[in-house]
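Student: Take this structure first; my questions come after.
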Amino acid sequence: MKSTIYKFLLLALVIPAVIPSCKKRDVIGPLEHNGTPPGAVSNGKVENLKGEARITYTLPDDEDLLYVKAIYEIRPGVTREVRASFYTNNMLVDGFKDSVATEVTLYAVNRSETVSAPYKITVHPLRPAYLSAFDSLKVMATFGGINIRTVNPDKKPLAIIVLLKDQFGRWTQTEAVYSQLKEINQSKRGMDTLKKSFAFYVRDQFQNQSDTLFADLSPLYETLIPKSGFSEYLLPGDLAVNAYGRQMRHLWDGLYNGWGTAICTYETITDTTNGAWFTFDMGTTAQLSRFTWWHYPDPRYFENASMKVYELWGTTNPNPNGSWVGWTKLVECRESKPSGLPYGQENSDDKAAGEAGSGWEIPISAPPVRYIRVRHKYNYSGFRQTLTGCEISIWGKPL
C-alpha cells in the first residue's frame, strides 16, 4: 500500500514537469524555410497616371510564390514599398511628388520571404492631384475670416494648410482644410478685421507639399443677426407653418432639438413648379454672409419632412401681393447624408451633422436684404407640401 502511495506521489511530481515542455511557442517569421529564390518578374508594362503608375508584369512560374513587392523613392530620400499578392499580375505604385521619371525595382517573394533577383522598370507619373489643386488654389477675405477654394477632379484626399505670420515674423499653422471633394470651398472664421499675412500650401496623404501661396487679407466684419428682431411676415401664397400647434417663432427660439421647438406644415399646394415657401422679417437690413438650418429629427435626421432641396431668398421691399418680383435668390441648398446610408438608416456621422446644423455660404456679391423667404423644393420623402425644421441662425453685417 505504501509503495502505491509513493507511485502516485512520483506521478504527481512528474506531470507538472512535463506539461511546460509541451507549451505552444510563438513563431515569428516564415513558417517555411525555402532558401531558393523564386524567379524574377518579367515583361513589365507601365500605365502612367496622376501621381501614380500601374505596372503590369508576368509572374514567375513558382508554386511557392507569395507576393511581388515594389521599392522606389516618392521623393529624394523617402522610400516607399508596395505589395501585390500572387493572385494578380499588376500593382499600383503611388505617392510620387512630381511628374518625373523614377526607377521602380520589383521583387518576387516566396513563402519563406526569400526574394528574387531585382527587375527594374521606369515609370513617369503624370502631375499629381495635390499640385493641380495648388495651381487652382484661390483665397480671399470673407465675412469673419478667409475663404479657400480649389478643384480636386479625382477626389484625392488633400489637406490645405493655413499659416499665419505673427508680430515677430514667425509662421504658425492656424487652420487646415481636409477634403476629398471634387470642388473644395471652405471658410475659416472667428477672425477680427485687421489685415493679416497668410500662407497656404497643399499636402497629400504621402506628406508631399506644394509651393506656398502668400496673401495679405483683411477679414470682413460679421455678427449673428439678432433673433430678437425676427417676426413672421405672412404674405399671400405663403405656407402657414403652424400644423399641430407649431408656430414660426419656434424657428428662432434658441432651441435646436425637439418637437416642441419645431415648425411644421402640411398643406396641399397648387404651384408644383416653384414649390412652397414662407416669409419672415429679420427686423434689420444686413449684408448676409451665411446661415445654418437645424433639421427636426423625425425620428432621425435627413428623413421624412426634413427639407432636402431648398433655397434662401431675400429682399428689402416685398410686394404685398406675395409675388416674387424684387426677390433675389441668395443660395440654393442641396442636402446629403454624410454617411451615404440608405433612407431610414443613420450612423454617428449623420447624427453629429444633424446636431451641428447645415451651414450654407451666401455669396459676397449678394445684395443687402431684410426680409427672408425659405423656398422648399422637396423633402426627404420626395414631397413639396410638407416640411419641418427646428432653428435658423443668420450671420452678416447689419447696415
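The chain as shown is numbered from 1 upward.
For all residues, glycine too, the Cβ spot is worked out from N, Cα and C.
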Student: For the feature region 'Disordered' as recorded in TrEMBL, pick the matching range from 180-199, 340-359.
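Tutor: Residues 340-359 are the ones TrEMBL records as region 'Disordered'.
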Student: Sort the residues of the region 'Disordered' (340-359) into helix, strand and coil with DSSP and give the three counts.
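Tutor: Tallied per class, the region 'Disordered' (340-359) gives 9 helix, 2 strand, 9 coil.
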Student: Pull the DSSP breakdown for the domain 'DUF4959' (21-125) and write it out as helix, strand, coil residue counts.
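Tutor: Looking at the domain 'DUF4959' (21-125) with DSSP, the answer is 2 helix, 55 strand, 48 coil.
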